[in-house]
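Colleague: From TrEMBL, here are the annotated features:
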TRANSMEM  12-32  transmembrane segment
TRANSMEM  44-64  transmembrane segment
DOMAIN    70-307  domain 'Cytochrome c assembly protein'
TRANSMEM  76-93  transmembrane segment
TRANSMEM  100-118  transmembrane segment
TRANSMEM  138-161  transmembrane segment
TRANSMEM  217-240  transmembrane segment
TRANSMEM  282-303  transmembrane segment
Amino acid sequence: MTPGILAERMLAYIPLLFLFFATVSYWGELILKRRNGGMGSLGRRSVVIAFACVTGSLLYRWLYSGHLPLSDLYESSMFLSWSLCLVHVVFIHSHNRSGAITAPGAMLTYGFAVLSAGDTQPSTVLVPALQSHWLMMHVSMMMLSYAALLCGSLLATAFLVTADSAEEHIDILTCNPNTPVRSFGNDGGRGKGSLNILLSLLMDYRERQLSQRLDHWSYRIVSLGFLFLTFGILSGAVWANEAWGYYWNWDPKETWALITWLTYAIYLHTRMTGGWRGGESAIVASLGFFIIWICYLGVNLLGRGLHSYGWLI
């Protein structure tokens with residue numbers, strides 16, 4: 001192992017440390033229910049530092065390899081983590097509890113790249129058929145779309161959880177509004193029902209406000225990811241025609257990319273024209289989370305095709 005590669009491997013653990021600190025900060029704010037946003041601000045700064053470090057690592061690998069660092073599983077996992085950090089920096093603010101969802105995703109993806117996929121394949125020069133600007137656009141657009149769609153799907157899943165919690169508060173309030181929550185003085189129980197109703201309404205309002213924000217940001221991020229995915233598939237078809245003389249080959253990766261596109265097309269179509277809001281559309285987006293991982297990782301490791309890295313088969 002050359003000194004340059006050894007230094008790269010050593011520096012690769014620095015972003016993982018900052019992403020771990022960001023995850024702890026966001027979850028600490030969420031568990032402790034801090035309202036000042038201090039821990040969330042520290043978490044966002046940690047993600048920004050990690051994003052800068054991963055950017056430097058990818059640029060360094062680009063310089064000494066001579067091509068866009070997306071040629072193997074290690075590089076693509078690094079780029080996916082970089083894309084997740086980018087989505088976090090652009091869309092997630094310090095006071096937004098959504099950081100407790102997106103930061104762990106970036107940390108786990110980067111941890112997989114560094115701890116598991118780091119020794120899969122060394123950086124090599126691409127064959128002439130792969131040295132194409134259309135290929136660079138195709139792969140980069142696909143990875144950016146995966147990052148945006150994964151974040152949007154995670155926010156949709158979080159919306160389902162918060163919406164169910166809000167519904168439970170409504171059920172408790174409707175079924176037994178006189179259950180005492182807290183007692184003040186010796187008024188013989190008078191006013192306890194009103195106090196319980198007030199507290200329940202306040203909790204319900206906060207959770208509904210949070211769930212609405214999650215639903216809003218999930219829709220916006222998924223829409224952006226769907227746009228990237230469309231450009232990625234189209235540019236991939238153009239590149240395939242240049243390299244092999246046909247636009248589509250029904251390779252397992254291509255098939256699952258089409259399934260992913262159709263899943264999120266259904267999500268956007270039903271949301272914009274079918275009137276699906278909230279739980280129905282969030283279920284579709286949550287299903288898309290698993291489909292993306294099958295398309296990105298499952299096909300690459302288990303399938304046989306032009307896009308497979310061939311770990312297991």
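Counting starts with 1 at the first residue shown.
Any Cβ shown, glycine's included, is placed from N, Cα and C.
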Colleague: Do any residues of this chain, six or more beyond the ends of the transmembrane segment (282-303), have a C-beta under 8 angstroms from a C-beta of it, and if so which?
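Modeller: Beyond its ends, the transmembrane segment (282-303) has Cβ neighbours at 73, 80, 146, 149-150, 152-154, 156-157, 159-160, 163, 215, 218, 222, 252-253, 256-257, 259-260, 263-264, 266-267, 270, 276, 309, 311-313.
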Colleague: Out of 12-32, 44-64, 76-93, 138-161, 217-240, which stretch touches the transmembrane segment (100-118) the most, going by CB pairs under 8 Å?
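Modeller: By Cβ pairs under 8 Å, 12-32 leads among 12-32, 44-64, 76-93, 138-161, 217-240.
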Colleague: In terms of Cβ proximity under 8 Å, which residues at least six beyond the ends of the transmembrane segment (138-161) contact it?
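Modeller: Residues 68, 70, 76, 79-80, 83-84, 86-88, 91, 98, 101-102, 105, 211, 214-215, 217-222, 224-229, 231-233, 235-236, 239, 257, 260, 264, 278-279, 281-283, 285-286, 288-289, 292, 295-296 contact the transmembrane segment (138-161) from elsewhere in the chain.
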Colleague: In the same chain, who gets a Cβ under 8 Å from the transmembrane segment (76-93) while lying at least 6 residues past its ends?
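Modeller: That would be 15, 19, 44, 47-48, 50-51, 54-55, 57-58, 61, 69-70, 99, 102-103, 105-106, 109-110, 112-113, 117, 139-140, 143-144, 146-148, 150-151, 217, 220-221, 296.
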